[in-house]
Each structure stands twice: as structure tokens, then as C-alpha cells.
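> Encoded as C-alpha cells, here's the structure I'll be asking about.
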């Protein structure tokens, strides 16, 4: 056994939880993802999906992907930089840019590679990147790959953000990067105050709308639109894997920024482009959410109903303002145990443990879709109450 294998063989945390019978990961889904799924031979309510609009199983989205595959084939066999650009990619980029209110957009193969590729090439050694300490891992990796000076501020603490900005050279680029909706806690960035500080310190703002697109704002245009601050935000990032029922991501900004990224973002230049099916599916989902406002209304009816039910049941749910509802456990082992008990009762939820959160903030994450019914929500709440009470968590 080599040194690397010897080192990695010591990592046995997954095996510990497997031995206890509470290991929650990599469960196989046997069919389409909707509000109910077949998983491991069991029929369960799905409250762990990011498909907020409920479009992953929509026949129109599926048919759009099939038609694109028939026309363009199964893949593009190259990067966007060379032979991998389809007219379909360009159409999606134009419509996304218009949707989020920016000059242009670029599509990437995944949301993760948007952040890791864009952030890493925007700044140099004399510049600064300032992040919320609960920003997504893709933002963390993007700033780590950059050569810039890196600062973090306490979660949604605007006084601490200002303190970090005061450390920066006033003549250097200062890029503030923030999740519009924080993916584990469900709360929103304090975008109005961030914009105020942007002007005070001549900074630039990038907002990750992964969990805001399709959820907030007019027609689901995102948190920036929700606050009426689209034109104050310099870069808007989004994904296709959530509300747009596909896989991929995009960055939208003014033409000068997009021109730079098109020729310098390594994850764009050196990755194969989005498949025709994925691109067409995202485009169709984008059309649907713009043309069916009742879908957004249904999402918020389900969300508000679930928030009320969980609060009434006595769960600690923090400051969430979104379809992401954290049920705090504050103990890693019990987080896995309550996830297992819930699954045995027929409810799939996601455990959140370090490094996705601080050790004292472990939780199970419930996520709502536009297609969830009150009956499904009531059933989930009832079963989660039972699971939490079994562990003396309620």
C-alpha cells in the first residue's frame, strides 16, 4: 500500500455511520423526481429536492430535451471555445440575460464551474474578494483559486462586512460575493445594505442566484429583482439544476465583463459544453416559469403553509424566508439518526453537517416544490414530529 492509500485508509467516518445503520447518502431513486419517489424499494415523500418549480418531471421539459437530442445528437464533443457552441446555447444565453436584466450571459456545464471559473479569473494579487462566511462551497473554491487577497465577514453581519471593506486598498478592485438565498439556512442576503456599502467603498457585487431563480422576484427573476436592485448588482450567477429542471449554470453581466470571461474563464474554455438535451430542457423550463405565474404562486402557498406548520409544531427553523426550511438538531449523530427515522416513516430529507455548517448548527433540510400538496406537507410534518420526539429533540 502506498503512502496516499495509507493516509486515506484512516478515513473511516462513513463506515462508522454505516455500522450504526444511519448512513444517509447515495440512495438510489428509481424513476422521475417529483413530490413522491421510489427510493431503495420504498415509496417516500420527497422533501429533499431543489426542484422548486416542480418541473423535473414535466412532459414539456422532457420532450424539449428529446427533440434537441434528435436534432443535435447526444453531446457537443468539445468546448464552447472551439466546436462546442450550438445555436441553442446562444439562444438560451440571450434569453437568460434578458430574464435577469443584464447585457449578456454565458452558459457553463455546471453551476459549480460557473463560480469556480468566474471568481478565480476576475481578480489579481492587488485585488480583494470579500465573502459571507456561509457562502456556497463553489464560491469558496473559486476564491481559493484566485490570486487575490481574501476576506470573510460573519454571516449577514453588515457591520463586519464594512470592517472588511475598510481593510482594503481604496484603489483596488473589491469584489463582494454573496449567496442571494443561503442554501442551508434559507435566509436572504441583506442586499440593500450590501449595495449601500458597494457605493460607499467603490466595490463590485456578484450574487449567486442558485436558490433564488424561479423562486423570488417577478416571474421568478431572483433575489436581485425581489429587492429591486438588479442594476446595482454587477454579476448574477444562476444554475439550471434547480428551478430550470436541468444541469448547468450561467453568469450574466455587462458586455465588458462577459467579454473577459468568455476568453479567460478556464472552466468555460476547457470544459465540454452543455449537452443539447440539458440546454433545451433549461430553455423550456425558463419559458414555462415565465408563462405560468400560477406555478410561483403555488410554490409560495406551499412554502408559507409549511413554515406555519413547522413553527406550530415547535421546530427551530431559524431565519428562513424561502422554500428552504432548516430543522435544527445541533448534533451530528442525531442529525443522521433523525434522517433515518424520517426515511423509515416515508419522508426523504437532507442531513446537513460540517463542513456544510458549523458543528453546533447541524440540521435537517426540508425543501418545498410548487407541486407539493397540503396533504403531503401535513404528512411530512407529522412524521418529522414523530422522528424528532423519538430522539427527545422536540
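Going from the start of the chain as shown, residues are counted 1 onward.
Quick reminder: no glycine exception, Cβ is built from N, Cα and C everywhere.
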> Among 183, 255, 256, find me the residue Swiss-Prot lists at the same pyridoxal 5'-phosphate site as 111, 112, 211, 239.
183
> In the same chain, which residues outside the set 111, 112, 183, 211, 239 have their CB within 8 A of the centroid of the CB atoms that define the pyridoxal 5'-phosphate site?
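Everything else in range on the chain: 50, 136, 138, 208, 210, 241, 242, 249.
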> If we check Cα distances from residue 242 (N6-(pyridoxal phosphate)lysine), which of the binding-site residues 111, 112, 183, 211 wins as closest?
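Nearest in space to residue 242 (N6-(pyridoxal phosphate)lysine), counting only the binding-site residues, is 211.
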> Tally every other Cβ atom lying within 10 Å of the Cβ atom of residue 112 (pyridoxal 5'-phosphate binding site).
20
> Between the recorded positions 211, 242, where is the Cβ count within 10 Å the lowest?
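Candidates: the recorded positions 211, 242. Fewest Cβ atoms within 10 Å: 242.
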